[in-house]
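The transmembrane segment annotation in Swiss-Prot covers 11-31, 36-56, 75-95, 97-117, 142-162, 212-232, 239-259, 273-293, and the record cites sequence analysis as its basis.
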């Protein structure tokens, strides 16, 4: 068995584990007090994380460069980031429902990379000259981690919008504080919804969304700055309005607006969630859309023909 076959096995195994884990979290939604299901779900995420990390490590060993030089590698790294953030949230914040957000998106990203990308795009290729730099590790890893955090935070906001759909609900209070504190007060005209435990879940989702985006935004900022420094080193210009640079700036502006409305204006609930939903679309355009067009300085190394 050669390294390519091992990589294929690891990719398929990680996808299968994520699929099984998603089913486990679905069962957990029915049997809410079953701790065994929760344990199996966490183990599924943990082993999936390990398998993807092993896959990327093998590619690193085989290619002699950090495995973030094409679309397949970046997608698998994004999948790893989703599972990594899941484990962090479960460990330090102890929010079990996060699996309903992280597992499906990690599985879909894994599936797209493993089953939909052409085989020639999955194989590791030599680095183009501009990518032969130590900036590759810092810039690309930070950008991918920021994408993962922003996507997860935006998905939580979308979940909040679904949960509060057709409900007259308003959140009041300060966004800053401990996520486990009862620091927000909720005003709702819908009495049945007020009696439902969903209001507490909505409260938690809104707060967690804010904090996750609060992690992704500084990472995105650092990623853009490091990319500008790398661009100056490689091409002699800090900023050239390349499509990827332009959409990264748009992404930064959208989430800056989100954080500004929450921190300065005191917005909570539906209005910032709508901004985050817009940000969710923009992130995917920045990450996948620009590369699918195959134009600009960032198109090489992702889609080769």
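Note: Cβ is positioned from N, Cα and C throughout, glycine not excepted.
Each of 75-95, 97-117, 142-162, 212-232, 239-259 was scored by its Cβ pairs under 8 Å to the transmembrane segment (11-31), and the highest score goes to 97-117.
The largest share of C-beta pairs under 8 angstroms with the transmembrane segment (36-56) comes from 75-95, of the ranges 75-95, 212-232, 239-259, 273-293. Counting only same-chain residues 6+ beyond the ends of the transmembrane segment (212-232), those with a CB under 8 A from a CB of the stretch are 85, 89, 133, 135, 138-139, 142-143, 145-150, 152-154, 156, 238-240, 245, 248-249, 251-252, 255-256, 258-259, 276, 279, 297.
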